[in-house]
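Taken from TrEMBL as is:
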ACT_SITE  B:Cys91  active site, nucleophile
ACT_SITE  B:His200  active site
ACT_SITE  B:Glu202  active site
Amino acid sequence: MGRVVVEVMPKPEILDPQGKAVVGALPRLGFTQFSGVRQGKRFELEVDGEVTPEILEQARRAAEEVLSNPIIEDVVAVTDASADAAVPQRAGLA
Amino acid sequence: MGALNSARIGVVTFPGTLDDRDAARAIRLAGGEPVALWHADADLQGVEAVVLPGGFSYGDYLRAGAISRFAPATASVIDAARGGMPVLGICNGFQVLTEAHLLPGSMIKNDHLHFVCREQTLVVTNANTAWTNEFATGQKITIPLKNQDGQFVADDDTLDRLEGEGRVAFRYDGWNPNGSRRDIAGITNEKGNVVGLMPHPEHAVEPGFGPAAADGPRAGTDGLPFFRSVLASLVGA
């Protein structure tokens, strides 16, 4: 079974209210080293067979058209994560 | 033929929609005939205008309005809106309109992270749309506001263009309840047939059940002109 991981982050210029709340909470729990937090999303897309270049391309399109909203979010990675132990193959997405 | 009374206005119900009944009631009180539309049905049943009501369609999963944007009924609404049919998106309906790219920008979580529910004063900044022509530009109105993801955001170029083209339809007055850029509460498309706003006009249409007003507590009916406006625009069309 193949797996593609899509990672989406709020755009840098968009204030991330959730990240702001998390960075405010960390010092209260003793984690004082972190000056900023941004919270994004990770999607794991499963396919029955191998992750072919075509499937990776479909995943990229799904990431751009559905899984993210380009007005507020960036797709930061679309990765073939079929073999967990292997180094994930990064698909270059700006 | 009593065009005002015969105008059929659709209200789309998605899984998780909350305010479809109130929207239908508002249409009836304004003099129109509400028509219930179901998200899974692409048939708009010949309605002359559509309201996308508030709520939490699909539990706001993925992003608010994101999954509803792909419903069969939404696809029909998008086509009809591009053809000039009046469409009003309220709260979650506004989020659906931005996800569908019928209106620019997007909504993110309120800057203070809390759900907000209050009687909100707005300034009508464009009284020439299909949904605002019964107002006067500059008029202040008070209608309920209730949301979690109500912070309107867009890049500065888009905001400049919206302001330059007079497409900001409503601004928050007195207090910006969610951090929306430039106090924007609602916007319209170029043609003025598509309008989206976060506050809820359908909850301020009947004395005794609306926000506080000069006439007394719960007397406010500032939401009614939204629905009268669309009936007037349909008669004039």
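Glycine residues also receive a Cβ, built from the backbone N, Cα and C atoms like all the rest.
Annotated features taken from TrEMBL, shown on the structure.
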residue  : record                   : CB count, 10 Å
B:Cys91  : active site, nucleophile : 29
B:His200 : active site              : 22
B:Glu202 : active site              : 28
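Separating the Cα atoms of B:Cys91 (active site, nucleophile) and B:His200 (active site) is a whole-number distance of 7 Å.
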